[in-house]
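Have a look at the structure below, then the notes.
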């Protein structure tokens, strides 16, 4: 009898339309239990899908076969499961060029490759060799420094901090030319070179004055004094056709360089004249006695005023570009700012006196784009460069140069100035204004620098040193495009000035 029961059970297991005992519940049964209390599902065979009571469009709230409370939510973003690239970000023309370039077997020289790389960077903003053939998506590329697209923003702008930004301008570390200056006097208090607007560089060598034409290279000996006297200062008038010469025997001479003739000899000092400066037809001279004299070169009685504000030799003297103030530095460590007109009592008195320097002040220079800003430099016992606002009397900034400051020149092409120094490096230093950070150091002189002078175009600095050499440094060379724009602007101003009124 038992065998018949076994055959019946085996037959029942082999039938597909009857439920299997002790089998795990079906998916629809688990779904019904999870949905909570409700009408009991209709008993049916799992092989009849046409009469299922649950919806096929719903996504199960729990993954079958996994336990836990974490529930998978349906993605909110509509779309299929296939990745479709964004063709708006593709560089199709660049990709076509790169693909066709692979079939080109021609070999190129390294020089030509460098040229093509430079052209690609300038035109496209990136190197073609490093570009991707197809750019589907991702973060936008960072633009190179200084890149600007006026038509469409293709790159994300990334500003470089000022502290880490590198100087893109090339500054030659070697002088452009070296000239001999034999027997130049190694005296810190004298001013022995000056560059005219007509491109003549005047140099005082002991008792002689030589003119060097920067354009033609011609050298002219303008004058030679007696053996018991020497030239102590030089200064060109703004137009560049007259040269003022101060001497050790208290004379101020005026020379016409085209006729190579002395026009007049003005005597009013009683000691050597170590500094000179022009303001239109007024020539100011500073002497070893500490006095400054104003000379009107148009009249016979040339001595028109005396400025008494220093107790020792006046070694630095410079009129501002607008002619409002005269800055004087002396061996008494003082800097005086004098007005161009007399006071109410008929006497000149300084409007400002700066006493912060601890050494002789020979280096004085006015800022060409801020007329009230003055730069001064102290001697061996001071070694500091200070920037002043002469209207308010405030010291705008101070920097330790770590060496004797002999001369300062402001650049007309950049927001920079250059300083000449003595012991121990005897170098020229380029400073960024107003941050007062070093741009470059130019070394080559083997003895202290005595004077600096700027070329008329503002690109070249001449340095005279005690090693009896003159060195020309092209440290303010302009970019060709900026130079053309500046010349165009200057020509436009000139044409407007010369227009006739109708």
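Quick reminder: no glycine exception, Cβ is built from N, Cα and C everywhere.
The feature compositional bias 'Low complexity' is assigned by TrEMBL to 35-47.
According to TrEMBL, the feature compositional bias 'Polar residues' maps to 52-76.
If you look up TrEMBL, you'll see 179-473 marked as domain 'CDC20/Fizzy WD40'.
Taken from TrEMBL, the feature region 'Disordered' applies to 17-84.
Annotation comment: TrEMBL describes 231-265 (among others) as repeat 'WD'. Per-residue confidence over the repeat 'WD' (231-265) averages 95 (mean pLDDT, predicted model).
Per TrEMBL, repeat 'WD' is recorded for 307-338 (among others). Away from its own ends, the repeat 'WD' (307-338) comes close to residues 188-191, 271, 274-280, 284-294, 348-355, 357-366, 368, 371, 374, 376, 378, 382, 388, 390 of its chain (Cβ-Cβ under 8 Å, at least six residues beyond either end).
The repeat 'WD' feature in TrEMBL is assigned to 442-473 (among others). If one looks beyond the repeat 'WD' (442-473) by at least 6 residues along the same chain, the residues whose Cβ comes under 8 Å of a Cβ in the stretch are 171-184, 186-188, 190-199, 201, 203, 214, 240, 404, 406-409, 411-413, 418, 420-423, 425-430.
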Number of helical, extended and coil residues in the repeat 'WD' (307-338), per DSSP: 0 helix, 18 strand, 14 coil
